[in-house]
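Undergrad: Provided herewith is a single structure, encoded as structure tokens, for subsequent inquiry.
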């Protein structure tokens, strides 16, 4: 029965992807029906804020994005610092320590939601609502806006205006869908209140303080925007965030909704729907491979315990919630790292070595399917690399969407693809070379190395999940992961926008018999191979020293 539920869940991922992709294309490219519904409200926003609806250059678009995001980081930073004297603080929580506030503000603006604090004890209701939830809308709206400009550039059209796209992302996508999802979560038992904690009497007569809050509205945008941060420290293992299997499936659907839709949006916007389908199917195959790998490993149980003859019919149940079970915990772990959300319904630090390898690889690749917007930019980056390699092998100038890929584009892409592992491996090496980093490790040996690398991989990929055995709420970890999150977020977005702007100016080369097609299964295979090979070449030595070595040791 459990496998039937898994298949149905997978089918739901597939069935909603194309309709959502079509809706996104209409929402941003203009639709009379949508303009009639949302247009008056949007024009009012533009009038109040002084936004002019004109086409920007890629530099203007990128500058607008960085300045708006930077302003939001500063505002939210001071909310966190001053929350102790601000209203909506029934628990009288004090202001955040400076480096923690720095880390948290960047974390949520970068759509990472790395949390070096426990949500219910670290933030007031005001900080949760005005700080965290606000950024949970703004962060994915930023990247969804940028990916639309990116696709327009690839299609040879004007990039558009960042502030217009940002507003439309909020009004036409995130606010309405999150509102509906929040109502469903309330119906499923997720609390939504501004009242303080409830004191309950337990069976043995003791008193227990039960924390609550505006959780349902928080969870809806947490998953839809691929944010992932928890209202509670236990994240989606907490029964108030994720009461049962229905809420569990809904959360996974929300996580996958926009990332899986974007290939279809892209196909419609560039006039090649088949290429969009090829990208979707290719990535889904990689996703399935990851799910099969982690599930097989978790169902086989812990190798060390198996050697003692201990029964493991339920698989490795350490760190998992009984109400979700091993299979759906494995699926959730695959989804949350494939869609770069970072929400967890099981503790990733307790996964088996190979089970923990899958989330790590998903984040290292950062392209299956990746988070809202940012992940799709990486998908196209790998697609262009696949075309470039294919062109070199047959001695032709590589072309993508009928435009020649030349030195300028490849230099930008080369720098972008190297920057991600440089952040992960460079900062991991720094942490391992000083006691400021190693003192946080709770496990010696290979697993301790994986804890460190996982933290920086999660930060660079804007995922936010963690091997929580790492004691990371220290100035060193707050500052270094904050820098990694900021650089990992904005560097690739800006460089790839420059690539799209460069391709926009090029003329379309007529298709000939020798043109390498990017809308067939051959390209899909080369595309997958490029992702796997580039990822393996870059990160394989670290994976051998971490989870693979741990697995062999336990065996």
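Cβ coordinates are placed from backbone N, Cα and C, and glycine is handled just like the others.
Features from Swiss-Prot:
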TRANSMEM  2-22  transmembrane segment
TRANSMEM  60-80  transmembrane segment
TRANSMEM  130-150  transmembrane segment
TRANSMEM  173-193  transmembrane segment
TRANSMEM  246-266  transmembrane segment
TRANSMEM  278-298  transmembrane segment
TRANSMEM  374-394  transmembrane segment
TRANSMEM  412-432  transmembrane segment
TRANSMEM  483-503  transmembrane segment
TRANSMEM  525-545  transmembrane segment
Undergrad: Select the range from 130-150, 173-193, 525-545 that forms the most Cβ-Cβ pairs under 8 Å with the transmembrane segment (60-80).
TA: 130-150
Undergrad: What parts of the chain pack near the transmembrane segment (278-298), using Cβ distances under 8 Å and only residues at least 6 beyond its ends?
TA: 14, 17, 260, 263-264, 266-267, 315-316, 326-327, 329-331, 333-334, 338, 351-355, 357-359, 361-362, 365, 367-369, 379, 383, 518-521, 523-525, 527-528, 531-532
Undergrad: Could you pull out which residues elsewhere in the chain have a CB under 8 Å from any CB of the transmembrane segment (173-193), counting only those six or more residues past its ends?
TA: 24, 27, 137, 140-141, 144, 212-217, 219-221, 223-225, 240-241, 243-244, 246-247, 250, 254, 257-258
Undergrad: Which range wins on Cβ pairs under 8 Å with the transmembrane segment (525-545): 130-150, 374-394, 483-503?
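TA: Comparing 130-150, 374-394, 483-503: 374-394 has the most Cβ pairs near the transmembrane segment (525-545).
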Undergrad: Go through the chain and flag residues at least 6 beyond the ends of the transmembrane segment (483-503) whose CB is under 8 A from any CB in it; none is fine as an answer.
TA: 57-58, 61-62, 65-66, 69, 103, 106-107, 110-112, 114, 143, 146, 149-154, 156, 159, 374, 377-378, 380-381, 384, 400-401, 403, 408-409, 412-413, 415-416, 419-420, 423-424, 427, 456, 459-462
